[in-house]
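Feature annotations, courtesy of TrEMBL:
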{"type": "TRANSMEM", "residues": "40-57", "note": "transmembrane segment"}
{"type": "TRANSMEM", "residues": "69-94", "note": "transmembrane segment"}
{"type": "TRANSMEM", "residues": "114-138", "note": "transmembrane segment"}
{"type": "DOMAIN", "residues": "115-300", "note": "domain 'ABC transmembrane type-1'"}
{"type": "TRANSMEM", "residues": "150-175", "note": "transmembrane segment"}
{"type": "TRANSMEM", "residues": "181-200", "note": "transmembrane segment"}
{"type": "TRANSMEM", "residues": "233-257", "note": "transmembrane segment"}
{"type": "TRANSMEM", "residues": "277-299", "note": "transmembrane segment"}
Amino acid sequence: MKGELWGEPTVSMLRQLKFLASFVAPPALAALVFAPRYFPLLFAWLAGWAINVWLAHYDNRLTRAAIPLIFGATLLAMWEMAVNVFAIPAVILPAPSQIWTAFMQNIPLLWGDFVQTILRGALTGWLMGAALAVGTAISIDRSSFLQRGLLPIGNFVAALPIVGIAPILVMWFGFDWQSKAAVVVVMVFFPILVNMVAGLRATDALARDQIATWGASYGQALVKLRLPHAMPFLFNGLKITTTLALIGAIVAEFFGSPTRGMGFRISTAVGQLNMPLVWAEILVAALAGTAFYGIVALIEKRVTFWHPSQRA
């Protein structure tokens with residue numbers, strides 16, 4: 001049983017720390033003597049490793065949150081030191097401090113790009129695609145003809161490359177966010193459709209027969225039985241497509257957009273060799289994607305609290 005955070009060290013933990021010290025001490029000493037400029041990199045890596053080895057032996061909410069944070073901080077520290085030690089130009093790889101400076105200096109610009117790309121393009125397209133996919137899945141469930149006809153077509157559409165369909169949709173819907181939302185609809189529709197159809201089919205046959213003997217209509221059976229059992233499948237599709245929506249909206253902006261948007265900003269900043277701004281946009285996209293996925297996962301936990309996967 002794992003102890004409290006500040007409890008006595010376990011034998012297993014001491015053995016791992018001893019192994020760590022014996023394994024890395026020779027190269028650390030060699031780096032300190034013969035290549036001292038590399039020693040800070042090695043020290044940062046060793047410190048992060050040792051702390052995570054220690055925290056891994058304590059199972060509580062604090063350590064579960066601290067381990068990935070410390071690991072990420074270790075990577076950032078090594079990144080910062082590597083850029084300075086090896087004198088890497090900013091056009092090749094900017095340091096985290098340079099990226100943070102660009103982020104803080106361009107907050108209004110980044111916010112405008114976030115609204116244009118994420119809230120208008122990605123979120124609107126994701127909601128429209130999800131609603132269309134759920135409605136289509138219910139129609140397919142009611143009609144074997146649609147099941148044989150629409151699913152193969154949906155599979156074909158899902159295989160279309162985004163770099164091929166994005167310019168076409170930009171020409172159809174214009175250069176503003178509407179065309180980006182259309183690209184997102186195409187990207188998210190089929191994954192959600194497949195998961196929703198599978199969820200509607202996953203209802204137990206005995207339960208369907210039982211509710212039919214009670215005289216329930218298709219709509220009543222759908223609302224009371226089939227949709228609740230399809231929720232875990234639906235949320236799997238929704239979570240998968242959160243990242244697809246962001247990717248689709250950003251990539252679509254490379255093929256035409258007004259003078260704002262994350263894809264537009266990245267392409268113009270690359271042309272100006274302003275790589276810290278490019279990485280700042282990437283940071284915003286990563287944070288938005290993480291928050292987007294987390295919100296959907298939180299809603300799933302509230303809606304499907306009864307499912308075994310949420311009780312584990």
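Don't overthink the numbers, they just go from 1 along the chain as shown.
Cβ coordinates are placed from backbone N, Cα and C, and glycine is handled just like the others.
Per-stretch counts of Cβ pairs under 8 Å to the transmembrane segment (233-257) identify 181-200 as the leading one among 69-94, 114-138, 150-175, 181-200, 277-299. The highest tally of CB pairs under 8 A with the transmembrane segment (181-200), across 69-94, 114-138, 150-175, is held by 114-138.
Tertiary proximity for the transmembrane segment (114-138) is limited to same-chain residues at least six positions away from its ends with a CB under 8 Å from its CB atoms, namely 150, 177, 180-190, 192-193, 196-197, 200, 222, 234, 237-238, 241-242, 245-246, 248-250, 252-253, 257-258, 260-263, 284-285, 288, 292.
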